[in-house]
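A quick write-up on the structure given underneath.
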Amino acid sequence: MGVKGLNQLIKEHAPEAFREFQLKNLFGRKVAIDASMCLYQYLIAVRQSDGQQLTSEDGETTSHLSGMFYRTIRLVENGIKPMYVFDGKPPVLKGGELEKRMIRKKEALKQQEDIKDTATVEEMVRYEKRSVRVTKEQNNEAKKLLELMGIPYVDAPCEAEAQCAELAVAGKVFAAASEDMDTLCYSPPYLLRHLTFAEARKMPIDQIDYKKAMEGLEMDKQTFIDLCILLGCDYCETIKGVGPVTAFKLIKEHGSLDNIVKWIEENPDSTKFKVPENWPYAEARELFLNPDVSPGKEINLKWQEPKVDELVEFMVKQKGFSEDRVRSGAEKLKKGLKGGVQGRLDGFFSVVKTEKRKPEQDKKTKGSKKAKKK
């Protein structure tokens, strides 16, 4: 779900934290991508002309494989070295949000069934998209595909976006890529958004610089996490009636969620806000401060040449993809991964800071030059 309104708050208070650019600007970069988020997007977006998902001859959905294969190739063609992180077991605290999602899926399926005799194709597709969920089998198929493509992946112990951030913090990758803004709660140096679908939708990639965001918001990590919880995250409900502007104002005035809760409880008559009963905000904060992740420094990432024959067996013979296109894709992978090895020029040079010269120094320098001319 992410954090409601956070993107706009950062744009407003820390505009220098934002950059927009194209895929080619990430040449030579290694990026950790939230695989679970990608697969969900592919199942929704990769469709036939009639709006239905891609399927094999046996009727099995293959939209997730098509998206993962071709969009990963586009990244590699642009000199990017992608790796993927898959979700592990969700934290207990996320159970409420997952239950809500399941209820929404059931409601969408029921509505789809109720209107199937009278609805237009567009309406049926809309309701079908609302019911999309990534299955365990689809996750496993995506992992098999990545292995055959020579692209590394990691199974996170818990949340994929937390593991992506951990890899970025450890210096194994340049950035974490996810649509979930709560990825910033794990303090990756950079968060990339729209990475895997920017070209398809003809939109730029957003990069958020964590350090500049904190400087602009004038917050430390824990205060920022408290802001995100107050805005609304996956781990607990928020205080009703508190929108982004009010949340930012309350955090600035009181400094922490603990102080906000205390203020509301001590002043019930002077505020319209009411703290949810047994509100687990402290537990949610702890999940962000100390996420369950595998240590990034212990993870070795290795990009290899694709296993072409096995790739053809899986994608063509088992899943019904075009052999010519799969073989062509494999060649692009080989070429792209070799090209990406060249790296970036800024990886070979360090930036040297130069102090600004004082006006007096400039005058002295000019004076000495004149003396020499004489």
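Placed from the backbone N, Cα and C atoms, the Cβ positions cover glycine too.
If you look up Swiss-Prot, you'll see 1-105 marked as region 'N-domain'. Across the region 'N-domain' (1-105), DSSP classifies residues as 55 helix, 19 strand, 31 coil.
Gly232 (DNA binding site) has a Cβ environment of 22 other Cβ atoms inside 10 Å. In the three-state DSSP scheme, Gly232 (DNA binding site) is classed as coil. Per Swiss-Prot, the feature DNA binding site maps to Arg47, Arg71, Glu159, Gly232, Asp234; the stated evidence is sequence analysis.
Taken from Swiss-Prot, the feature region 'I-domain' covers 123-254.
DSSP gives Asp180 (Mg(2+) 2 binding site) a coil state; it is part of no helix or strand. Residues or ranges marked as Mg(2+) 2 binding site in Swiss-Prot (evidence: sequence analysis): Asp180, Asp182, Asp234.
A mean pLDDT of 50 is what the model gives for the region 'Interaction with PCNA' (341-349). Positions annotated as region 'Interaction with PCNA' by Swiss-Prot: 341-349.
The feature region 'Disordered' is assigned by Swiss-Prot to 354-374.
Summarising the annotation, Swiss-Prot assigns compositional bias 'Basic and acidic residues' to 354-365.
When the Cα atoms are compared, Glu159 (DNA binding site) and Asp182 (Mg(2+) 2 binding site) turn out to be 11 Å apart.
Gly232 (DNA binding site) sits 12 Å from Asp180 (Mg(2+) 2 binding site), taking the C-alpha atoms as the reference points. The highest number of surrounding Cβ atoms within 10 Å, among the binding-site residues Glu159, Asp180, Asp182, Asp234, is found at Glu159. DSSP states for the region 'I-domain' (123-254), grouped as helix (H, G, I), strand (E, B) and coil, give 68 helix, 15 strand, 49 coil.
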